[in-house]
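First the structure, in the form of C-alpha cells, and then the observations on it.
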Amino acid sequence: MMKTLLLFVGLLLTWESGQVLGDQTVSDNELQEMSNQGSKYVNKEIQNAVNGVKQIKTLIEKTNEERKTLLSNLEEAKKKKEDALNETRESETKLKELPGVCNETMMALWEECKPCLKQTCMKFYARVCRSGSGLVGRQLEEFLNQSSPFYFWMNGDRIDSLLENDRQQTHMLDVMQDHFSRASSIIDELFQDRFFTREPQDTYHYLPFSLPHRRPHFFFPKSRIVRSLMPFSPYEPLNFHAMFQPFLEMIHEAQQAMDIHFHSPAFQHPPTEFIREGDDDRTVCREIRHNSTGCLRMKDQCDKCREILSVDCSTNNPSQAKLRRELDESLQVAERLTRKYNELLKSYQWKMLNTSSLLEQLNEQFNWVSRLANLTQGEDQYYLRVTTVASHTSDSDVPSGVTEVVVKLFDSDPITVTVPVEVSRKNPKFMETVAEKALQEYRKKHREE
C-alpha cells in the first residue's frame, strides 16, 4: 500500500515538471526553449497581421485617390447638368408667358385624355403596385383636375421629374460627402502615425532569464501613439493592449461614420432615372404614390393624350412653336446629363462602399491581435508559454504517438492542442505546429464569442 502511494506521489511530481507516462522527462529548460520557439512563431503572425494592415492602408489610399477623381468628374457633370436645367426652366418660363393659343383644341382633347389616362394608370397600379389603390385613385383624380393640357403639352411632368431628381441627387451627394469627410479625418489621423510609415522593430526580444522579464515596444518606439500612451521607461512591463486599442477605436469610429449614410432615407430611395414604358415598375409605383406624376408616363397608351402632344400651334403663333422646340431640345440635354450624373453618383457610392469594406478588413486584421493583447497583464516574457507536454501511449484515450501540448497565449486560458505522430518533439516544425494550432483555436473561439 505504501509503495503504491509513493508511486502516485512521484507521478504527480513528474507531471508538474512536464514528464508524462511513456516518455522521458520534459525538463524546465526544454519547456522554456519550446516557449521561446512558439513565441517566435506568434511574433511572426503578429508581424504578418501588421503588414496586412499596411497593405489595406495602401488600398484605402488608392481608393481615396480614385474617389477624389470621381468627385471632380461629378462636380463637372453637375455644372453641365445645372446649366441644362436652367436653360430648360428659362424656355418653360418664356413659353408660359406667351398668350394661350390652341386652347380650345387642347382642352377638348384633355377632357377625353383624362379618363383614359386614369383608367390605364389605375389598372397598372392595381396589377403591379397593388397597395392603397383607393387612396391613389382619389389623389390621381385631384391631380388630373388641377392639371392643364398646356402643362401636358410642354412636358411639364418631365421637367418636374428632372427638378425632383436634381434635389435628390444633391442631397445624396451631400450626405455621402458629410459622412466620408468625418471618416476621412479619422483615417488620416490613423495613417499619419509613424507606425504606418516606417518598418516596425522586431516585436520579440529574447532576454537572458536572469534579467527582469519585459517585452519591448511593438510599434516604433517614438510613435506618436506609443509616446502619448506609454510615457514610462522601456524597461517597465509593456501594456501591449494599450498600443492597439487606440487604433481599434479609431477604426470603429471611421466605420460608424461610413455606415450611417448607407442606412439613411436618401439611400433607401435613390434618385430615379427617366423611365420609359417597360422599364423599372417599382420607380413608377413610387412616383404614382408620391404625387401621381408617374401616371403621365402612360400618356402614349391613350390616343387623345398623344394628340395633345402633337398639336401644332405654329400657324397662330410661330414663336410659340420655336420656344417649344427649344424646350424639347434643352429637356433632352438635361435628361441625358442627369442620367450621366446619376451613373457617376452610383460609381461614387460604390467607392464609398469599397472603403467601408476595407475598413471592415482593417478592423478584422487588428481585432484578433488586440483581443489577444488584451490578455497581457503580467510580466511574462513569452507570447506563448508551454505548460505541459504529454506523449500518449497505447494505453491512453488519445491515439498512440500523438502529443498533447497545453499552452497559454499571453495570459489567456490554457489551450490544449494535439500534434500528430509524424511531427515529433525533435522535429524543428514541432513548436511551429503547436503555435499555429493554438492561434487557430484562439481565433475560432474569438469568432464564436
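Every residue gets a Cβ built from N, Cα and C, even glycine.
Here is what Swiss-Prot says about this protein:
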SIGNAL    1-22  signal peptide
MOTIF     78-81  motif 'Nuclear localization signal'
CARBOHYD  ASN86  N-linked glycosylation site
CARBOHYD  ASN103  N-linked glycosylation site
MOD_RES   SER133  phosphoserine
CARBOHYD  ASN145  N-linked glycosylation site
CARBOHYD  ASN291  N-linked glycosylation site
CARBOHYD  ASN354  N-linked glycosylation site
CARBOHYD  ASN374  N-linked glycosylation site
MOD_RES   SER396  phosphoserine
MOTIF     443-447  motif 'Nuclear localization signal'
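Here the motif 'Nuclear localization signal' (78-81) returns a mean pLDDT of 91 for the predicted model.
Same-chain neighbours of the motif 'Nuclear localization signal' (78-81): 166, 334, 337-338, 340-341, counting only residues six or more beyond its ends whose CB sits under 8 Å from a CB of the stretch. Looking only at Cα atoms, ASN86 (N-linked glycosylation site) sits nearest to ASN291 among the recorded positions ASN103, SER133, ASN291, ASN354. By the criterion of other Cβ atoms within 10 Å of the residue's own Cβ, the least surrounded of the glycosylation sites ASN86, ASN103, ASN145, ASN291 is ASN145. Spatially, by CA atoms, the recorded positions SER133, ASN145, ASN291, ASN354 include one closest to ASN103 (N-linked glycosylation site), and that is ASN145. Counting other Cβ atoms within 10 Å of each Cβ, the lowest count among the recorded positions SER133, ASN354 belongs to SER133.
With DSSP classes pooled into helix, strand and coil, the tally for the motif 'Nuclear localization signal' (78-81) is 4 helix, 0 strand, 0 coil. The recorded positions recorded for this entry are SER133, ASN291, ASN354, and the Cα of ASN291 lies nearest to that of ASN145 (N-linked glycosylation site). It is 35 Å from the Cα atom of ASN354 (N-linked glycosylation site) to that of ASN291 (N-linked glycosylation site). ASN354 (N-linked glycosylation site) falls within a helical segment according to DSSP.
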